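Engineer: Could you have a look at this structure, given as structure tokens, before my questions?
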Amino acid sequence: MPQLPMTDSAPLPTPAPSSPAQPSAQPSLHYHLLGIGGIGMSAFARLLATRGHRVSGCDQNLGAQTAGLEAQGIPVAAGHAAAHVTEEPFGKIDVLVASEAVPKSHPELAAARAAGVEVRPRMALLGELLAAGPSVGVIGTHGKTTTTSMIAVAMYGAGLDPSAFVGGNVPEFGGNARTGTGPFVAEVDESDRGFALLGCETAVFTNAEDDHVGGELATYWSTVEEQHAGFARFVAQSGRVLFCADWPGLDTLCSGAREQLTYGQSAGADYRAVNVRPDESGTTFDVEFRGERLGEARVSLPGTHNVLNGLAALAVTHLYGGDFDRAARALADFHGPGRRWEIKGERGGALVVDDYAHNATKVASAVQAARQTGRRVRVVFQPHRYLRTQQSWPRLADALMDADEVLVLDIAAASETPIEGVHATLITDRMTQGGHPNVHYCPDRAAVVRDLRESAQPGDIIVTMGAGDVYRIAEEVVGGSA
């Protein structure tokens, strides 16, 4: 087997398949999580509970995540109140965990400080989990959730028994978190500036663009340069980095890493996907490590971006000593985390899919994945956030041009205040001016559902895209009566 590359310092030892995460030195504590129904906080809740801690939480909006937590014995209160910290039903709290985006005036934060309860930022908690033992942190503007899921699934298939912290629900794990005895695999979200204070054993760097920049959110970045410096800092504070050789500029951002490895289709990548064979439901390819063939792999999700995500997963599993063939079989059986190319069903012979794509690169990748199926591509796109739309509407419009039909909904505000002049019609007008023959602004969601139910036919693929609640349209199209 080719040797791992040497750097000025000795490379990290490859952990044995059974290497356990180091147990926390802390005694059992009572953690109270603000916004426990969120995808990240609910994952923290599950991880902390399986590590023997007492966990409680609250959220303004109760739903499937909070119901799942309560079914696991984790109490959840509706809304936010100082009494959640100082009185029953939760009892004495040792640590309150909150996002840095939560205002200091929040009643539970204020009550915790007054009572002498430790307030711990969520990124600090993630940092502790990453530092506790062998760890893999996935960073980048796009593909983090899918790549993190694929790494954890491939490692699990290879017998490495990973723990996982994922920004999406992984069917193989029954949720967004898993506790095992092997390496801890975590999605590290750059939307929280605190990520730049962290590091891990192996950083996986997918790509870098502009997102979560500007605006009023406390955790967002002032400039894209500042954000990319945060990526570079995370990499430099990690033991080694595996970065995508196909993405321009990552080599520069990774120049401070102690040990560098690359993956991609580019010539010279350490881990390389070759002989790539796409079909309507996914892609088969061969994996090489420094010119030596490791074996054949398949991702059961269409799109070139998913080849790269899957390649990263197999590379990490190989780095940690996992069996390639077992990892490849597990990866081939994986059909994605929730809201990432999630097949909702059929209507009138049309395939109905939902995808979280919400910025231009993700949208373009999702459209390309839809085209790979060979079907007529019908997209329902919901722009996400006024600021993001203001910053990128021309690119969003251009990313949608390859779809056969595009229906654009109103912008999902995501708690933002509307910005004057920023409207979904910026996207549709640009597409029309660019020559797209079948793009429509559709403020009436019920009419969209009705039209799709009536017009869906064999040979179509209907893809709902966006980070808001556009997935509900896919569910209504599939589940509604004829």
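Just so it is clear, glycine is given a Cβ too, placed from its N, Cα and C backbone atoms.
A quick note: this is a predicted structure, and the numbers were derived from the prediction, not measured.
Got these off Swiss-Prot a minute ago, pasting:
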type    : residues                                 : note
BINDING : G140, T141, H142, G143, K144, T145, T146 : ATP binding site
REGION  : 1-26                                     : region 'Disordered'
Engineer: Using a 10 Å cut-off, grab the number of neighbouring Cβ atoms around the Cβ of G140 (ATP binding site), all chains included.
Structural biologist: 23
Engineer: Return the residue, from the listed binding-site residues H142, K144, with the maximum count of other C-beta atoms within 10 angstroms of its C-beta.
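Structural biologist: Counting every other Cβ within 10 Å of each candidate, the maximum falls on K144.
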Engineer: Quick check: in three-state DSSP terms, what is T146 (ATP binding site)?
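Structural biologist: In three-state terms, T146 (ATP binding site) counts as helix.
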Engineer: Highest Cβ count within 10 Å among the binding-site residues T141, T145, T146: which residue is it?
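Structural biologist: Of T141, T145, T146, the one with the most crowded Cβ is T146.
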Engineer: Taking the center of the Cβ atoms of G140, T141, H142, G143, K144, T145, T146 at the recorded ATP site, which other residues in this chain have a Cβ no more than 8 Å from that point?
Structural biologist: V138, T147, T206, N207, N309
